[in-house]
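Structure record follows, encoded as structure tokens.
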Amino acid sequence: MRWITLLLLLVLCGGCWSETVTPPNTLQLLPHSQAILSDLVLNDDEWRWLRKNHQLRVATWSPNVPPYFMSAGHHDYVGISADYLGLIAANLNITLEIISYTDEQAAFDAVNAGEADLIAWADDKARNAGFLLSEPYIKKIPAEVVNLNALAANDGTVRMAIDPAWKNLDAFRNAWPQANIVSFNSARHALEALSFHQIDLFIGDATSTQYLINESNLSDLKMRHLRDVQVTGFSFAARPEKQRLISIINNILGTIPDNIHEDIRRRWSGGVPLVLSERHLYFTPLEQKWIEDNPEIRVTVLKGSAPLSFFDNHKLQGITADILKSISLRSGLKFQIHAEDNLEKMLTSVRTGQSDMIASINLDSASSANLLTTRSYLFNSWVLIGRRDGTTQKSANRLVMVNGDAIEGALKHAMPDMQIQYASTLSAGLDSVAGGRADFMVLPLINASFYINRAYRDSLKIISSVEIDPARFSLAVAANNYPLATILDKALLNIPPEDLHAITRNWYSNARFPDSTQNSTSSPTAESLLSWVLAILLGSATVCTGLLLLQRRVYRRSPPLQNLIDAIPTPLFITDLNGQLKMANRAFAEALAINVAANRGKPLQKLLTAAGLQSDTTNGREIKQWQTLLQINALGYGYVGGWQDITESQQTLRELQHARREAEKANRVKTTFLTTMSHELRTPISAIIGMLDLMLRRKADLPADRGSLHIAWETAQSLLALIGDIIDVARIESGRLILRPERASIRTLIESAATMMDGLARQKELAFVLEIDAELDGDVLIDPIRFKQILTNILGNAIKFTTHGRVVLQALLEKEEGTQLHLLVVVQDSGPGIDAATQARLFKPFEQGENQQSIQGSGLGLFICQTLVTMMGGEIALESQPGIGTEVSVRLRLPRMAKQNTPTLAAPARLNSVAPRRILVVDDHPASRHLLVQQLQYLGHHAISAASGQQALALIAAQPPDVMITDCNMPGMDGFTLARTVRRENSRLVIWGATANAQTAVREACLSAGMNSCLFKPITLPALQERLAALPPGATSQPDMAVSLPAGLASPQNQRRFIELQLITLDEALESIRRWQQQPTPEIKMALHKLRGGLMLLGIHTLTARCEELEQCPDNAGLQALADGLQALRRTLQERLS
């Protein structure tokens, strides 16, 4: 009774242990498909939802369902589902976290509990569980699989297996009512059972079935689609409340082109292999240095493990050899091969440092030996091998395995009655079973199929699959050799799945392995040794004689083959397995400049090396080399290969790919721009129209509503600011944004910006605090407009997103180094704060932080600020905590200017003493023309107007005005033509252009046409008044040449010497411009750079800016305008000397 109680306790404890919850682990998403979906269009609500949910959790589970989702080791997540998830993540700019659970139900529970957001592989079972499914991303096509060498069942029944992943089995049971359904844990084991004649029929999904057949090379199986059985496809699934997410996924799935769908299906069904992956293989500096220091790697491989690895005339062949070649092609590593007899010796070789890596080893064996491993490149089931004659007793329990395979624990769990024995080599274990010293052996299917078919066909057979995890073959290195492990892992990841399939199929079935693979792995018994020796001695003469005769016959028949390959225009060669040349075409002989007959039998590699064709690039040309295994008539197997110059085609392909990427990028930018700006522009325009409409509908005798006017005015100002931001972004993207530094008081600039923003803070009842370091004073060299733009944008954001509390502006002098002033500007607010994820996106175009009030904005301000600060050589940083507030800091290093002790040579005009002038306004747009006339009259000037260039010429001929302001873009005669026409007759008239296009190119066009300056619409009253006040009495056509001499030139002698040197510089610049106009040369840029330094000292900002622009891109019109300005400056300086 006591032992029964103990047994029950053990059972209960075992139950408790079995119910222990395994925590989920995170996998790394590794998609193989990369594409930008240019047709993807989401609405505002969907983009807003994505910004709030930019990181999604995807639930998956064990066991894997290849090729839909699986892990190749190292916690990665690959397959069809992974490829579609990669497309979704890349095109939505979101992050996906892959979480693996113990089983499907645990994954479902996690989504229901909110621990995960999405299931990537779902069908009707998920729909019945209450989940919302997307449109299927791949069709689920039922297929039946039979054995081509089927054996008839004695009782006439059909033994059928159904893929365990299929949830609804009723349709198949109804189609085969007499079938006896056999259950398996996985589709892989079911297919192997069909190959071993343990069942008669398999029903499963066509995609996964084809993948498993190709991977295990079950060539005796045939698949046929079942088109009469209606099933759904595989979809993404989420909870019903995440309907928006499913809608977004449906949108993406609907825009994926058919060719991308086809590429994914082909990749995971063993399609046409590729030579090299299009994904660039990137190595870290540490890895690159390691490759340079260790160009040759010592590799140990197992002698007798065909078709994984075997030796033919001391040369490594098999799947392992092809994997090493692919890695070498991608990494540049060279491998020195060393063979070992058994697994234990290989492990010892790496542990003791005699070798750097093992080329083919089961992942479990390497891990148990404390080695670092790469991802797996081949999955293969373990199978049970027994004697073919059936002499194995029912009580047989002697199981042999290769020492070091590290699957004892799994075998004891799957077959607890077995007594495990160990063999040093694969062939020794097979001999033990064949000789009756053991009953069974466990091997990977790939090894078992090969050796039984070639060496043990009459004595051994595969009995069944073993219900344990499949063998995962990988590369292994010592535990202290981490750089090599990562290099190998990246190279393996870069090999496309279809290439791995092709390598496996090639060595599974397409190669006739030489006898050495059998001899090296099968150890004959002492009883058969004498017969082997006699057979060899008696047959040697016959075989040699026969081969000589056969060879002569083959070469006598070769002329037709020679004629055939000579017709191929690209070089082609045929070698034996040792790489010795047997035949080649005329193009090959011409490329190497050799006689093929004279070099027959020589190593091909030496011939190629001598001709400089041993690499993929020759004399700067890109060469595509190819080689494949081929049966050469009766001579056995060899290689056929060749090469082709693909330089032009690859260059064209790269240009097309680059053009496509640029076009797709431009299309995405355009779509984002139109989507964002259409909304941002429509809002203020609607407000302005609404306010004006209300005022127009009021009765005429009612007084004007100044509040409505003020709202319309403020809204129009915000609209102008937005348009300015758009123009700045356009300048940034085109590289045309230019700073215009000048002398300015840094304290005055900061106080001015603070004064502007103080009113906004007061309107929201916020405390605004300004703190300026007392030592921060004096003039610096800075672009004042752009500096104030930075301050007002940061302050504006702080005020806009703060509902209560205060905003603080601090300006500190961190330190001074010589003439450099280190400025720190800090803006603090007590707003809602910003989370870390949002902070990472804020300095990108069209990105905004989330806020409770849904405050609108274009998301351009911080992007522009960061660009401006970077152009000024400074840094901008943002720190924020949700619920506490935000702090933005700007650091700049500014040149401090010397104090001015002497007045400027031309005093600025006083704004309040402007003499009335006669001004001609030329504009085809009535509203713009009327507004400008009203502004001029308000300022006390006499304004007349013309609607076209012809009318303006008539008015000028009748009575020339003092100033002409003309619109640049008018029908008929535009403003540029008008200015050039006036200049031919009148060189003294002041001409200003007016345009809404605030681009540098337009300003240059105005100056080139003979205008004195350019005004950008809308023209405000203060700006117009300042421009008019700057005109000297009796204004001339030349721009204002007010000169400021440096403060250090106190004595008249120093001033005179300084002006003389400037005149020399001006003369040299004018001479350089004249030479460039005759023959353009790069020296003009050096001359302009030198000139710009002198102009900055004189304070001539207009010519300085023009110099800077022409330095970047000199043109004839711009240089001529600069030359005219320099002549005027020269006259001013000459007058100063006299």
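Here the Cβ of each residue, glycine as well, is placed from N, Cα and C on the backbone.
Taken from TrEMBL as is:
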{"type": "DOMAIN", "residues": "676-896", "note": "domain 'Histidine kinase'"}
{"type": "DOMAIN", "residues": "918-1032", "note": "domain 'Response regulatory'"}
{"type": "MOD_RES", "residues": "ASP967", "note": "4-aspartylphosphate"}
{"type": "DOMAIN", "residues": "1047-1138", "note": "domain 'HPt'"}
{"type": "MOD_RES", "residues": "HIS1089", "note": "phosphohistidine"}
Three-class DSSP secondary structure - the residue listed as '4-aspartylphosphate': strand
Cβ neighbours of ASP967 (4-aspartylphosphate) where a neighbour is any other Cβ within 10 Å: 22
Listed in sequence order, residues with CB under 8 A of HIS1089 (phosphohistidine) and six or more positions away: GLU1111
Assigned element (helix, strand, coil) containing HIS1089 (phosphohistidine), judged by DSSP: helix
For the domain 'Response regulatory' (918-1032), residues assigned helix / strand / coil by DSSP: 52 helix, 25 strand, 38 coil
